[in-house]
Amino acid sequence: MRGEPRRRRQLRTAGRQPVLRWSEAPPLPPHRCWGSRAFQVVGYRLPVLLRCFTAVGGGLALAAAFEPVGLAWLMPPAVAVLVLAVRDLPLRRAWVVSLLFGVAFCFAVMVWMRAVGTDAWIAMCSVEAAFFVPLGLGLALAVRHRWWPLWTALWWVAIETWRGDWPFSGMPFGRLAYATADTVWAPALPWVGMTGVSLLVALSGTTLAWLVVAGRRRPVAAVAGLAALAVVIAGPWVWRYSTDTDGELTVAAVQGDVPGSGTDVAAVHRGVTANHVAATEELARAVRAGERPAPDLVVWPENSTAVDPFRDSEINAAVQRAVDAVGVPILVGAMVDAPRETQVLNQGIVWRPGAGGGDRYTKRHPVPYGEYIPFRGSLFPSDYGKLRMIPRDMVRGTRLEPLRAAGTRVADAICFDVAYDDGIADQLQRGGELITVQTSNAMFINTGQIDQQFEISRLRAIEGGRWVVVAAINGVSGIIAPDGEVVASAAPRTQEVLVETVGLSSQVTPASRAGVWTGRLIVLLVLAHAVSCVAASRRERRHGTLSPPGSARVERTAAVQ
């Protein structure tokens, strides 16, 4: 009789449901086949199949968050779908589910690569989707440990950073941050940069996953967790970053258009140059007539001359004629011969009245298998299909100093450079007062790539606290304010000159000061977390304390019975 109250207390304690906190690992469900041959061979057949379909849907939903669809609110639910899909799965199954998510996402968000060729689209997207294998393994590990919503978000950003840097400079398109223009996350860009904003978006999704797992059991904690996340996201709205203006500059962005179909610059490159010369001369005429304000600087797009203007006398004379007509420097986008005959430089050249070429910026991130062939002449393919159209390899630039033009320091980016964190940040750290983006997206003119890249330019304006001038060869050109507002733009496949007076600033935002280091630190942190998880698992196995998923709950249920 004396032991009866104690036994009742034990039964009540054993029968209680555990209270799950945000910092605790979610309990994994029991499975009656654990340890049996049926479980090892067949596994969670139906649940895994459903998870696979759910993961594919989540990947497609995440792709719809990006332009041209632009449903940014889908990002947190899509992240939550992947976290919940791999939760409680063994590692040997988690990576499969995550890979399917990645395949659906990458092939959908970068479907514009089909403009290059279906083979190029399949090859590139297959490589990008492969990064979701380690992501799935990392998420499956992270959800088993304390503070799992934070760790799963960090895993997402670490893999995203890795994917954007490797191999061959990586492919950063599809970063969560690149869909955040006009969202609640955008004001955080000057403070934490693209990597930090991706982390906030991922954390929103992983917190949503936590609410699905534990929200009904702890409504008060759920409300508190949501409130804390809201404070973190809303903070930049309250304490908005503002930059001081050091002066003003009137800038003209020339969109000359591409003759014919508009997609093949190389075939009509002299016509392209002639279009930009004519548009600039028309601007000079309008300025003399008092119809348009006089610019201090004119920006031409990438590939406004597809041959070396220093060696081709016809192109040299045409460019100089345009510069002398408008009477101010033109930032010309040109393909310049490298010292080696098998190489070429993609440059932005400050062309001055009466003086010719001055400062040059060389594209930092040429596109592999688009602008150069990695390991040409080795076992890797270099003479297959459309690769024959790349006779010379584009050499990567190393310049960190901003260009000097019209008494202003200009941070330049050429095409895909705008999607990387290093080039613009390095130039802003060294005094860049204005950002220019020279781009030739003619091949992608009828695809979503145009809209995706322009959105990235808007985000760079917010992140750097600078005006951004985008000159595209046939769309979309635009002039963007530091808050991301598009002040002026030119529609695709039109010939137009945009002229606006923009502000200059030499103030460096915290995001620009940090540059690429935020992402690198997160990668190191996640690597340390992975090592600690593996070490902990080995210790448990060595001491015989490792339990299969759900075993603790099975034992508790048995004790109650």
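Cβ from N, Cα, C; glycine included.
Heads up, TrEMBL stuff is auto-annotated, nobody curated it.
If you average pLDDT over the domain 'CN hydrolase' (249-504) in this model, you get 95. The domain 'CN hydrolase' annotation in TrEMBL covers 249-504.
Among the features that TrEMBL reports, region 'Disordered' is placed at 538-561.
Annotated transmembrane segment per TrEMBL: 46-65 (among others), in sequence order.
If you look up TrEMBL, you'll see 71-87 (among others) marked as transmembrane segment.
If you look up TrEMBL, you'll see 94-115 (among others) marked as transmembrane segment.
What TrEMBL lists as transmembrane segment is 121-143 (among others).
Per TrEMBL, the feature transmembrane segment maps to 150-168 (among others).
Under the heading transmembrane segment, TrEMBL lists 188-213 (among others).
Away from its own ends, the transmembrane segment (220-239) comes close to residues 21-22, 184-185, 187-188, 190-191, 200, 203-204, 207, 210-211, 214 of its chain (Cβ-Cβ under 8 Å, at least six residues beyond either end). What TrEMBL records for 220-239 (among others) is transmembrane segment.
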Find the member of 46-65, 71-87, 94-115, 121-143, 150-168 that has more C-beta pairs under 8 Å to the transmembrane segment (188-213) than any other listed stretch. 71-87
Taking the transmembrane segment (121-143) as reference, the highest number of CB pairs under 8 angstroms among 46-65, 71-87, 94-115, 150-168 goes to 94-115
With pairs fewer than 6 apart in sequence excluded, do the transmembrane segment (71-87) and the transmembrane segment (94-115) have three or more C-beta pairs that lie under 8 Å? yes
